[in-house]
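Pulled from TrEMBL:
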DOMAIN    20-153  domain 'EamA'
DOMAIN    192-331  domain 'EamA'
TRANSMEM  12-38  transmembrane segment
TRANSMEM  44-65  transmembrane segment
TRANSMEM  77-96  transmembrane segment
TRANSMEM  108-129  transmembrane segment
TRANSMEM  141-161  transmembrane segment
TRANSMEM  190-210  transmembrane segment
TRANSMEM  222-242  transmembrane segment
TRANSMEM  254-276  transmembrane segment
TRANSMEM  288-308  transmembrane segment
TRANSMEM  314-333  transmembrane segment
């Protein structure tokens, strides 16, 4: 019994430290991408090849752990779900996020996903995946938490000056020579980046709800990551060919070693973190994993201030606090709602996977 107790302690420690480390690595990667895009790397190119690397990294885990769960035949409905998850959760979400980082800043990009749990609840309630009872305190708390979180996101967008973005500090001479015109253009670009990030989170939330429906017939999350990563990579490549005429990495001055390093870093980082977080979800559930998500935002903000010399304004700090408060209200309400007694007079409903499980791809 003592050995079992020790084993449980070390497992708990591994889960907590691993989730903490995963979010810190995500934050480091967000800041790293700022320099990558400043060098001219095309965001769509990164989506294409980083997802292929992610698929290669996750595939062995999927084969070993989930091969017995693979269906013998894929229905047309399941294939359509794969396509929509790949298009919305990989191609559109990742492209919007990376372009948003390029136009706005990594700290706002890392903060926006904290909106997802609340948005997922609203979307799922509209589609009747989740029950919404206006008389239930937990349902009202989730709505209020979502509104608080959204208020924090808007505060970060409007109260953090675009002139403090690291990508703009190098252009100070141009800013002084054409203050009004350039400032207006900079502000427009900044707000467009925030809009891209917010739209990306909406797509993330929609595809997460669709993932819950898909998991009813395809209960192999790691395998789903592999499928959607490959399909998303192909769809993004097609998008880049149609919009740009070819699959372009960026300026010809970029070295091959740097390009390969960026792709491998992104793909391996996401692949390893996805595999670990999937294991944690199977052990402790999605709420515990989601609780650690603000660590990514804090890491990104601190690293942006240290490495990119980006100022942390009182407005953006207040926005972050509001987002964290709203997120934890939603998670608290969700966690407590799971333990409430179901009305025995309700009609029995088929079990639906937790729609607040993070999108793994």
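Glycine too: its Cβ is placed from the backbone N, Cα and C atoms.
TrEMBL annotations: computationally assigned, not manually curated.
For the domain 'EamA' (192-331), the number of residues in each DSSP class (helix H, G, I; strand E, B; coil) is 118 helix, 0 strand, 22 coil. Here the transmembrane segment (254-276) sits against the transmembrane segment (12-38); at least 3 CB pairs are under 8 Å, leaving out pairs fewer than 6 apart in sequence.
The stretch from 108-129, 141-161, 222-242 that makes the most Cβ contacts under 8 Å with the transmembrane segment (77-96) is 222-242. Shown for the domain 'EamA' (20-153): DSSP residue counts in helix, strand and coil, namely 112 helix, 0 strand, 22 coil. For the transmembrane segment (288-308), same-chain residues at least 6 beyond its ends with a Cβ under 8 Å from one of its own Cβ atoms are 15, 19-20, 22-24, 26-28, 30-31, 34, 105-107, 109-111, 113-114, 117, 166, 277, 280-281, 316, 320, 323-324, 327-328, 331, 356, 358. Using a cut-off of 8 Å between Cβ atoms, the transmembrane segment (108-129) and the transmembrane segment (141-161) share at least three residue pairs, counting only pairs 6 or more apart in sequence. With a threshold of 8 Å between CB atoms, the same-chain residues lying at least 6 positions outside the transmembrane segment (141-161) that come near it are 104-105, 107-108, 111-112, 114-115, 118-119, 121-122, 190-191, 194, 198, 313-316, 318-330, 332-334.
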